[in-house]
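In Swiss-Prot this protein carries:
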BINDING   G8, G9, T10, G11, L12, V13, G14, K140, P163, C164, N165, I166, H179  NADP(+) binding site
SITE      S107  site 'Important for catalytic activity'
SITE      C109  site 'Important for catalytic activity'
ACT_SITE  Y136  active site, proton donor/acceptor
SITE      K140  site 'Lowers pKa of active site Tyr'
BINDING   R187, R215, D277  substrate binding site
Amino acid sequence: MKKVLVTGGTGLVGKALEAVIKEQSPEDEQWFFAGSKDADLTNLAATQALFAREKPTHVIHLAAMVGGLFHNMNNNLDFLRNNLLINDNVLQTAHEQGCVKVVSCLSTCIFPDKTSYPIDETMVHNGPPHPSNYGYSYAKRLIDVQNHAYHDKYGRVYTSVIPCNIFGPHDNYNPEVSHVIPGMIYRMHQLVTEKTDVPENDKVFTVFGSGMPLRQFVYSRDLAELMIWVLRNYESVEPIILSADEVQEVTIFEVAQAVAKAFNFNGRLVCDTSKSDGQYKKTASNAKLRSFLPDYAFTDLETAINASVKWYIENYDQARK
């Protein structure tokens, strides 16, 4: 019987994993979704206590200090130190407790700022990351370094996945820390519901930055399905990119249009070019993933945004904001 511990299990991806596992009801696996209330993973003793209590054979490591572009830009040291602590505590404790496999979640932001496109798994360490979020990026890169070190010294199959921009139900909508899609959903909902005295055609929704940067997005449920596949079937320490196909890349302005459509918003969209764009593009190749799963069908962006907006409206009172 596998015992799977999910760190960061109450967040965006953890909730998606929980939903998929509930539907699958695997008879040979027990899953425990740990949140911050279960253990402070920056504390080694607390991490060890969690592992001793749950006795996992496998770990999906999602726990991290995370945030959007502007939160990262202002707090690089905190992102570096907290994530280094979390990752080292989880990986070392997993090893000490004899965990067979750990799948850690990285991010496409770890790739070099100056690079050729599309980026792939071989390019992680080819140069410094974008300066806007170097603290988070270097901490995440070191997971890959540690995975190789545990394999070299102990033969551990501790690996990592690199998703593109994740979104979906149970996201963090707090405007101070949110990523682009939940941030837009939060602000669009405010605009639509709180300014009822203003005719909708006169309302203006502001897109931060030029709207031109290109991004690939992955719906949290799709990522959950793929991470479960990695846990059960992918037997390499080398990272694997879990990203939608390159042809599904869209501009930030197109994302804003999709969010507006989901809210039936008929006002204007304007770009505030005084705000930073971050990296212009981060196009990732999913060729390795496609070599294993050539027929996997990603949820299209409009369908996924519609579902995310619907969840936010229906769960507004308990949504993280």
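Note: Cβ is positioned from N, Cα and C throughout, glycine not excepted.
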Diameter of the NADP(+) binding set by C-alpha atoms, the set being G8, G9, T10, G11, L12, V13, G14, K140, P163, C164, N165, I166, H179, in angstrom: 20
Recorded substrate site residues R187, R215, D277, farthest C-alpha pair in Å: 20
Cα-nearest neighbour of N165 (NADP(+) binding site) within the listed recorded positions, Y136, R187, R215, D277: R215
DSSP-derived structure type at T10 (NADP(+) binding site), helix or strand or else coil: coil
Among K140, H179, the one of these recorded positions whose Cβ has the fewest neighbouring Cβ atoms within 10 Å: H179
Candidate recorded positions T10, L12, Y136, K140, P163, pick with smallest Cα gap to R187 (substrate binding site): L12
Minimum Cα separation from R215 (substrate binding site), reported as the residue among binding-site residues G8, T10, G14, P163 that achieves it: P163
S107 (site 'Important for catalytic activity'): secondary structure state under DSSP, collapsed to three categories: coil
Surrounding CB atoms that lie within 10 Å of the CB of T10 (NADP(+) binding site), all protein chains: 18
Sparsest-packed of the listed recorded positions (S107, N165) - C-beta count within 10 angstroms: N165
